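Data first, discussion second: the structure below is written as structure tokens.
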Amino acid sequence: MKEYMENLEKSALFKSIQRDNLSAVLKCLGAVLKQYDKNERILNSGDEVIGVGILAKGRAQLIKEDAMGNRNIIGEIEGGELFAESFVCAGIKESPVTVVALESCVVLFIQVNKIIDVCSNECSFHKQIINNLLKIIARKNLNLNRKLDYLSLRTTREKLLEYLNDQQRRAGTNPFTIPMNRVQLADYLCVDRSAMSRELGRLRDEGILQFKRSLFYLKDIENDAL
């Protein structure tokens, strides 16, 4: 457990929890560590949701698959970030999404009742963790709403530019790196990969952006590029 404490300390779930108290907190919450290989499924759609997952190491992706096998990437999580918290808090028994390890991962699982129900020791941290959990869920809802903004745009060009502008603003630098390859980006924006690649080529030829793999340089433009 000690080798993963740095990422766990950074987790928003444990914000304002003193470092010296974290081990005791994890013990009280009945935390269990599990390891996963690259491309292994941490959670399958339809699996029973047994608790909140915290990524102690690695990166993972949340994916929604339709009956035809098409993938919609919901998002990506890194060290210290959570998944399945909304499902367990809402009382959803079966996972509506699949969580896949993008690299070797270690996940810390916590039963949600251990968070919400005050233990017999009346540990002082419970109220803080509940407050942190509510903030995490609220932020994720905002991120999902932002994705809906992308999907509401009509063209692949509009979706690409809106997403890339957001990524540039978030990075605060230009050039900037996006956290997805081309296949993942097409799945995330729900567009055809070939059509997206052609549109990226057109945007490059028009001088609106430059790119190499996941590194992008975006010209300072407004809506005239849409």
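In case you wondered, yes, glycine gets a Cβ from its N, Cα and C as well.
Curation plays no part in TrEMBL annotations; they are all automatic predictions.
Quick look at what TrEMBL annotates:
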type	residues	note
DOMAIN	13-136	domain 'Cyclic nucleotide-binding'
DOMAIN	154-222	domain 'HTH crp-type'
Across the domain 'Cyclic nucleotide-binding' (13-136), DSSP yields 33 helix, 41 strand, 50 coil
Per DSSP, what is the helix/strand/coil residue tally across the domain 'HTH crp-type' (154-222)?
37 helix, 10 strand, 22 coil
If you average per-residue pLDDT over the domain 'Cyclic nucleotide-binding' (13-136), what number do you get?
89
